[in-house]
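Engineer: The structure's right below; bear with me while I get my questions together.
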Amino acid sequence: MEERRPGMGVIVPAGEAGRTTVEGYDPKLHDPYFDGVSQRLADKGFVTAAADDLITWARTGSLMWMTFGLACCAVEMMQASMPRYDLERYGFAPRASPRQSDVMIVAGTLVNKMAPALRKVYDQMPEPRYVISMGSCANGGGYYYFSYSTVRGCDRVVPVDVYVPGCPPTAEALVYGVLQLQKKIRRTGTIVR
């Protein structure tokens, strides 16, 4: 069997047949024209970046959240906004309207009667939109799991991006969840093609 050397062509999966790539090659990083232009602009004090990278960077630093506080987890969410933890220093500011927010924090027990309202508010949010499920009740029903009226996790109603465990989770856990969401946005981007 032939050993692989750097620079050998690698066959792309059948869905993209006919194209080959070279290991370690990234067109953004290795385009000679882009490198030349980038170097000339850097000498003049400018920074070059792809537009989608710039938009993703800006979006992670200006996430607007709205609360869907249903129970005691909302108290910890309020504490995370106070001066000790101050979520706004991460660019995570509260908004009252779903039409102005990017992130919904579902905190507390979601019951069957409230599920349609949650979905309606989620549908009013502009794209791209993200959901943080905060606490055991929002994650999977929690203490009220066996109740006839409890939805066993808000992910049955809306798609969830980050789960914050705990009963109730601490403000530090929510801050960590926000940082994880920002990492996810940086990793996946926001532009759909």
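Any Cβ shown, glycine's included, is placed from N, Cα and C.
What Swiss-Prot shows for this protein is this:
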BINDING   CYS72, CYS73, CYS137, CYS167  [4Fe-4S] cluster binding site
Engineer: Validating a neighbour-count step here. Other CB atoms within 10 A of the CB of CYS167 ([4Fe-4S] cluster binding site): how many?
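Structural biologist: Taking all protein chains shown, CYS167 ([4Fe-4S] cluster binding site) has 12 Cβ neighbours within 10 Å.
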Engineer: Could you check the binding-site residues CYS72, CYS137 and say which one's CB has the fewest neighbouring CB atoms inside 10 Å?
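Structural biologist: Each of the binding-site residues CYS72, CYS137 was scored by Cβ atoms within 10 Å; lowest is CYS72.
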Engineer: Inside 10 Å of the Cβ of CYS73 ([4Fe-4S] cluster binding site), count up the other Cβ atoms and send me the figure.
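Structural biologist: Neighbour count, Cβ to Cβ under the 10 Å cut-off: 28.
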